[in-house]
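Shown next, in structure tokens, is the structure this report addresses.
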Amino acid sequence: MPSKPASSYHSYISSKRKSTSPTLTEAVKQISASSRRWPSSAADLRSDKQRKADRDLDAKPLSIEEEIKKRARGKNGALKKYLRKQRKKNIIDEKRMKVDEIWEKQQKEREKKNEVEADLGPALSRFARKE
């Protein structure tokens with residue numbers, strides 16, 4: 001194979017490197033232009049809750065008890081917090097009445113459990129059934 005002089009070889013390689021692919025700056029401009037998103041309508045500005053509600057039009061609304069149970073997770077959770085905040089408002093409605101019923105029921109269960117533990121004594125109270 002005949003060797004070419006160095007200057008012509010470099011010009012040959014540089015001509016091969018020039019391809020139809022865009023340069024880095026051109027590629028960045030194309031990507032940034034395509035990734036711009038503008039709200040197509042006011043529907044895009046709605047909250048996620050509103051969109052979910054619109055999707056679930058056929059679904060039954062949660063009953064008050066189910067909604068409270070979902071909020072009342074955790075040892076000192078949302079049920080106590082909800083009651084505290086409702087007492088500030090001094091408004092009694094159906095939801096507040098349900099919450100009060102659930103809270104009283106939990107209080108009775110706690111008292112019953114404490115009585116069983118007191119009857120057994122401190123050593124045996126560890127083995128009492130958890131109901």
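Glycine is treated like the rest: Cβ placed from N, Cα and C.
According to TrEMBL, the feature compositional bias 'Polar residues' maps to 1-24.
Here TrEMBL flags 1-59 (among others) as region 'Disordered'.
According to TrEMBL, the feature compositional bias 'Low complexity' maps to 32-43.
According to TrEMBL, the compositional bias 'Basic and acidic residues' annotation covers 45-59 (among others). Residue counts for the compositional bias 'Basic and acidic residues' (45-59) under DSSP, helix first, then strand, then coil, are 9 helix, 0 strand, 6 coil.
According to TrEMBL, the feature compositional bias 'Basic and acidic residues' maps to 106-116 (among others).
The annotation region 'Disordered' is assigned in TrEMBL to 106-131 (among others). Cβ atoms under 8 Å from those of the region 'Disordered' (106-131) belong to residues 79 of the same chain, restricted to positions at least 6 beyond its ends.
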Using DSSP, what's the helix, strand and coil tally for the region 'Disordered' (106-131)?
19 helix, 0 strand, 7 coil
